[in-house]
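To start, the structure under review is shown below, and the notes come after it.
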């Protein structure tokens with residue numbers, strides 16, 4: 001203690017005194033309150049979000065590609081290489097699984113957030129074909145040996161379900177399970193002290209080998225490969241939360257966020273258990289990127305002009321007939337990731353309205369309208385009933401969903417090609433009526449209409 005100082009007591013606290021006056025008191029008196037702190041501030045930048053509004057495969061990649069053309073940052077917030085997004089530019093078709101679809105804008109920074117499960121070989125294979133500039137440091141690593149667990153017959157609770165759920169068998173479920181169990185490995189572990197990472201990896205590998213005795217893992221070989229990946233990955237890794245914070249609070253930027261999968265595949269709000277392992281609704285933007293809710297701006301829902309679903313699970317509007325076959329063949333409805341044939345049916349507006357309840361869509365992008373061109377009449381699901389009684393909302397219980405009967409509104413088709421249309425006015429009147437019916441039912445405007453595969457085939461309505 002300096003000479004001449006003493007101890008005083010202020011409000012029950014021992015306080016250093018200088019020249020007879022308590023320092024704490026002097027500091028309190030000298031602090032000027034910033035009155036502007038009590039004035040609500042509008043966020044400097046907000047993110048624009050693109051999400052699937054059905055069971056996936058709605059054409060999100062095309063919408064993201066369109067919006068990314070003038071974006072400064074394009075982000076992927078959740079999912080993994082179980083998602084497939086197709087973009088066609090100048091007749092060249094690109095298939096993305098891990099990279100944001102907006103990566104084709106070479107002026108934008110591509111950012112993969114903490115909520116994404118990374119398959120390192122797949123990531124680098126995509127990155128070699130497309131520009132990639134950054135990724136979040138807390139992103140879960142989807143380890144190769146985890147993938148080997150999927151598809152085998154396990155007696156352990158949870159693992160035995162994967163073969164019957166109709167998953168992509170890309171290891172996403174086991175990776176998210178490991179994350180929830182708090183024994184997973186992350187990118188920040190991989191690019192830090194590799195010796196520490198190696199110890200964690202060996203412990204995790206032994207854990208899986210104990211659980212699944214038939215599992216074959218060459219731990220040393222895996223580690224050698226991971227060490228090579230760590231060197232390639234290190235220059236691209238940044239602090240994800242700090243990166244997003246600077247982007248959101250700094251100079252004006254256009255920030256685009258791309259969700260994978262879709263609302264009805266959300267782990268909490270989807271058709272459980274036939275869902276993915278992450279939150280692919282709007283909440284996943286906050287948890288996957290570290291974006292505060294106040295910085296979420298426009299949320300665009302992508303809706304296919306009919307409905308498709310991959311794998312098993314209830315599908316009220318499915319058409320196992322000539323209509324379903326036409327939609328499947330003309331729409332080229334095969335999974336980008338798995339190549340599996342997609343189940344097809346009429347547009348289900350009960351399902352889309354539910355997705356809007358969860359996500360709060362600012363507007364809709366209606367894709368693949370041209371696939372309906374040859375149909376003389378088109379049906380749209382407008383109500384569910386169970387045992388003759390109307391259901392007020394989309395049911396959470398999948399046993400109930402399998403039992404619903406569907407009330408349809410039948411609209412006249414247009415029986416002519418829409419592929420050359422580049423404005424709403426150029427569409428046949430019946431096609432315009434179809435769009436307006438969707439808007440009126442959902443009480444959400446349709447901002448884009450897709451009538452083909454290219455960028456130019458996305459008609460902007462406003």
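Backbone N, Cα and C atoms are what each Cβ position is placed from, and that goes for glycine too.
Per TrEMBL, the features are:
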type	residues	note
BINDING	56-62, 84-86, 342, 368-370, 450-452	GTP binding site
BINDING	57, 84	Mg(2+) binding site
BINDING	57, 58, 59, 60, 82, 83, 84, 85, 168, 182, 261, 276, 340	IMP binding site
ACT_SITE	57	active site, proton acceptor
ACT_SITE	85	active site, proton donor
ACT_SITE	179	active site
BINDING	336, 337, 338, 339, 340, 341, 342	substrate binding site
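Structural mapping of features recorded in TrEMBL.
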{"residue": "59", "record": "GTP binding site", "Cβ contacts under 8 Å, 6 or more apart": "302, 304, 365, 367, 368, 450"}
{"residue": "339", "record": "substrate binding site", "Cβ contacts under 8 Å, 6 or more apart": "none"}
{"residue": "341", "record": "substrate binding site", "Cβ contacts under 8 Å, 6 or more apart": "328, 333, 334"}
{"residue": "369", "record": "GTP binding site", "Cβ contacts under 8 Å, 6 or more apart": "305, 418, 427, 431, 434, 435, 449, 450, 451"}
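Checking the recorded positions (57, 179, 261, 340, 342) against residue 86 (GTP binding site) with a 10 Å Cα-Cα cut-off leaves 57. Fewest other C-beta atoms within 10 Å: among the recorded positions 62, 179, 340, 342, that description fits 340. Rounded to the nearest whole angstrom, the C-alpha distance between residue 261 (IMP binding site) and residue 56 (GTP binding site) is 5. Ranking the binding-site residues 86, 261 by how many other Cβ atoms lie within 10 angstroms of each Cβ puts 86 at the bottom. Comparing residue 57 (Mg(2+) binding site) with residue 179 (active site), their Cα atoms are 26 Å apart once rounded. Residue 340 (IMP binding site) is 21 Å away from residue 62 (GTP binding site) when you measure Cα to Cα. Cα to Cα, residue 56 (GTP binding site) and residue 179 (active site) are separated by 24 Å.
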